[in-house]
Amino acid sequence: MIQTTYQETKKTTGLRILMDILKRHGIFVALIALFIVGSLISDVFLSPRNIFNILRQSSIVGIMAIGMTFVLIGGDIDLSVGSTLSLCMVLAIGLQQQGLALSILIVLIVGILAGLLNGLLVGLFKANAFIVTLGTMSIVQAIALIYSKGYHMLGDPESAFSIIGRGMIGPVPIPVIIFIAFSIVFHIILNNSKFGYSVYATGGNAKAAWASGIHTGLTKLLAFALTGFTAAVGALVMSSRLASAQPSAGQGYELDVIAAVILGGISLLGGRGSILRTVVGALFFAVFSNLMILLNVAYPFQLVIKGAIIICAVWADIIGRRALQQ
């Protein structure tokens, strides 16, 4: 009887340790595994050109995912980032004639305002984030359609604006540099500022955070504003790289962004996560997409595999939480 109990306890402890290891380091192991597989199946996978291509592909989702990290750690979700991306893209192309500085400023302000609207309703009026951002997703998408009149808008590929998405500093694409800079800056903010502490506390236990003097509503407001800002920056990068924009360009990006954050180990229930994990999650999806292209996998099957990966990540989070609670 004692021996059986000991074995059961040992088994349970082993399961906890395994789940903890997978939770802490699973995405890093998965990313390394993808690189190993890629190097084995393709001679060009590890070439400098393809590596920079992967980094460039990850930059837009990665930049947007950094903002989403703050929202998810805070215990909320933002489904409107794809529509914000669309609106800011058509604005960026449509305002090119107004001058580079003014057009960039307007795009950033619009992105922040879209985030502030979500934050106002969720943080200060205590509305459900899923419902609110589902609604603002439709509203912002409609504004993008109205502004563009539903047309595919073309910009000037030779303008100074195109440098943001197409320029290089040495061998490194500017979008990659922006992504790296954002990762460093917001890592510091999340881990070494009062705002970052408030985000973790709000997501961990909003009532306890409020009782300890943290203005949880303001924290949520700022987190959503940050998500709108990063969506606007992603729009500047994407529209300048393509030298064009269409009002539906951002559709589906909200899923990619949320998936990158979840794959990085940030819980949908909030309270934990890091910028580093989000960056790795974004890189994982970029490497995965690159491998699918190199293997000539049909796009519908790519979506199926991507969906399965997201489901597994959510399932792992649920199982991990249950194991830790037990």
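In case you wondered, yes, glycine gets a Cβ from its N, Cα and C as well.
Looking at 54-72, 301-319, the range tied to transmembrane segment in TrEMBL is 54-72. Long-range contacts of the transmembrane segment (129-148) within the same chain, counting only residues at least 6 positions beyond its ends with a Cβ under 8 Å from a Cβ of the stretch, are 71, 76-80, 82-84, 86-87, 89-91, 94, 114, 117-118, 121-122, 245-248, 251, 254.
The recorded stretches the transmembrane segment (101-122) and the transmembrane segment (168-190) do not share 3+ CB pairs below 8 A when only pairs 6 or more apart in sequence are counted, and are therefore not in contact. Away from its own ends, the transmembrane segment (252-271) comes close to residues 23-24, 26-27, 60-62, 64-65, 68-69, 72-83, 85, 137, 200, 202-205, 234, 277-282, 284-285, 306, 309-310, 313-314, 317, 321 of its chain (Cβ-Cβ under 8 Å, at least six residues beyond either end).
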